[in-house]
Amino acid sequence: MVLSAADKTNVKAAWSKVGGNAGDFGAEALERMFLGFPTTKTYFPHFDLSHGSAQVKAHGKKVGDALTLAVGHLDDLPGALSNLSDLHAHKLRVDPVNFKLLSHCLLSTLAVHLPNDFTPAVHASLDKFLSTVSTVLTSKYR
């Protein structure tokens, strides 16, 4: 999926509102995913998955940092996310459907925290962005 110029503008503007909360929003999205889609917990058997756990917060920071990196490289997502794609495909072997589930939870989290900025156009752009990130992260599964 190709991001239009308007999509890129919307994604950058929305992510600028996220600011220093990217890790917190990432952790909240993970918690939403674990609650809404309990099978996703199987990838984290060594984690304390309780609300506010240090491990979920740390992984949420990784998610937030990766998305911040992606927002900064919208014109070269495959290059920017190559190492993460390798990690998830070859070492962690995460089922690709889980990226879609996390994307859904990220959109919900952003909608809750940025209600005035989460317009239909921004929602559509963020959805396309997260879908593109998911595609890039699963590209090395083949």
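For all residues, glycine too, the Cβ spot is worked out from N, Cα and C.
Here's what Swiss-Prot has on this protein:
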- His59: O2 binding site (BINDING)
- His88: heme b binding site (BINDING)
- 2-142: domain 'Globin' (DOMAIN)
- Lys8: N6-succinyllysine (MOD_RES)
- Lys12: N6-succinyllysine (MOD_RES)
- Lys17: N6-acetyllysine (MOD_RES)
- Lys17: N6-succinyllysine (MOD_RES)
- Lys41: N6-succinyllysine (MOD_RES)
- Ser50: phosphoserine (MOD_RES)
- Ser103: phosphoserine (MOD_RES)
- Thr109: phosphothreonine (MOD_RES)
- Ser125: phosphoserine (MOD_RES)
- Thr135: phosphothreonine (MOD_RES)
- Thr138: phosphothreonine (MOD_RES)
- Ser139: phosphoserine (MOD_RES)
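Within 10 Å of the Cβ of Lys41 (N6-succinyllysine) there are 13 other Cβ atoms, across all protein chains. In this structure, the modified residues Ser50, Ser103, Thr109, Ser139 were compared by how many other Cβ atoms lie within 10 Å of their Cβ, and the smallest count belongs to Ser50.
Ranked by Cβ neighbours within 10 A across all protein chains shown, the modified residues Ser125, Thr138 are led by Ser125.
Among the modified residues Lys8, Lys12, Lys41, Ser103, Thr109, the residue whose Cα lies closest in space to that of Thr135 (phosphothreonine) is Ser103. Within 10 Å of the C-beta of Lys12 (N6-succinyllysine) there are 14 other C-beta atoms, taking all protein chains into account.
Cα to Cα, Lys12 (N6-succinyllysine) and Thr138 (phosphothreonine) are separated by 23 Å. Cα of Ser139 (phosphoserine) to Cα of Ser50 (phosphoserine): a span of 31 Å. Between the residue listed as 'O2 binding site' and Lys41 (N6-succinyllysine), the C-alpha separation comes to 13 Å. Most other Cβ atoms within 10 A: among the recorded positions Lys8, Lys17, His88, Thr135, that distinction falls to His88.
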